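Per TrEMBL, transmembrane segment is recorded for 30-51, 63-84, 104-126, 147-171, 183-201, 213-237, 243-268. Feature annotation from TrEMBL assigns region 'Disordered' to 286-313.
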Amino acid sequence: MSLLKPWTFSPDEPIPQPGQCLPHHSDFELALSIFILVGMVVSYLPQHYRIIHKGTSDGISPWFLLLGCVSASSTFLNIVILQWKVLMCCKVLSLGPCLESTLGIAQLGVQFVMFGLVFVLFLVYFPAYKKVSEELDRTTRSKEWTLSLIIAHVVGGHFFIAVLVTIYLLAFVGGPENAWTSGWASFLGITSVVLATIQYVPQIVRTFKRKSVGALSIPMMLMQTPGAALLTLSLALRPGANWTTWIVYAVTGCLQGTLLVMCIYYHFRATSHGYGDFDTNETEPLLASEDDGVPKNRTRHGAPSSASSVTAS
């Protein structure tokens, strides 16, 4: 095995020359990329705040989070590989052009981190009354809580293995011009597309069955749905990126729009009938109390509470 050059990551990759790393500048692309990057962070804050403020993640599907985390991490590693030469050019470019050329990577990295935080909050604020089994002595883990913990381990394991494989290929095999590395990048991209295609299906199904918004944030979706179109355009304009990098956001934007319409409908229906976003048609344990993690406005079987002056029709 050949020794790595001091500054490179791949043993066979020549040191880029200044003439090979011409800075690519576009005022429109730069402004669009920065706007999307900042908007991406801001758009997730309502979801984080809603879970923390309500003290519950009730209504969010763990399968939705699994598919989203794996898809986001795969897309992030995909663009890291495809833009590896762009990253290497940062050794000969000044700070400004370097940061500008890697904004696409930053966007997808932030996307993964912010979505991952939703999963963390989902686990931290998982309803206490749903953590124990109703059928036994209330000390055994419920199936839903057990499933959520298993999914958390799957997400962590996938990311760890995918990062190790990516580092190994870039360090000891070659950059994106190498067949093995390029194949791995394509595999990650296709994986993200497939998972993104079905990512919102579990959440759409769960929301439809509940007939309520739950802990989902409508403001987040109002920002992200049109933002998905801008992100798709921004990534498509990035040097070195191909369709496997941006198509995932085009697909998820359409599916998220469907979920958004459903949530808006259920929210206004609940408001007009006098009950809250956490009222649901799902069967809940009758002995659960507010201390067990049930939101204050929670009622059983989707019926409005007795304190409500309006009866659902």
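Including glycine, each Cβ sits where the backbone N, Cα and C put it.
Note that the structure is a prediction, hence the values are computed from the model and not measured.
If you look at the transmembrane segment (243-268) against the transmembrane segment (63-84), you find at least three C-beta pairs under 8 angstroms, all six or more positions apart, and that counts as contact. Outside the transmembrane segment (147-171) by six or more residues, the chain places 4, 9-11, 62-63, 65-66, 69-70, 73-74, 77, 80-81, 84, 116, 119, 122-123, 126, 141, 178, 180-181, 184, 188 with a CB less than 8 A from a CB of the stretch.
Note: the stretches the transmembrane segment (30-51) and the transmembrane segment (104-126) are in contact (3+ CB pairs below 8 A, sequence gap of 6 or more). Sequence-distant contacts of the transmembrane segment (183-201) (same chain, six or more residues past either end, CB-CB distance under 8 Å): 64, 67-68, 70-72, 74-75, 77-78, 81-82, 162, 165-166, 169, 176, 242, 244-245, 247-249, 251-252, 255-256, 258-259. Within the chain, the transmembrane segment (213-237) has long-range Cβ neighbours (under 8 A, six or more residues past its boundaries) at 26, 29, 32-33, 35-36, 39-40, 42-47, 49-51, 54, 56-60, 79, 104, 107-108, 125, 203, 207, 245-247, 249-250, 252-253, 256-257, 259-260, 263-264, 266-267, 270, 277-278, 280.
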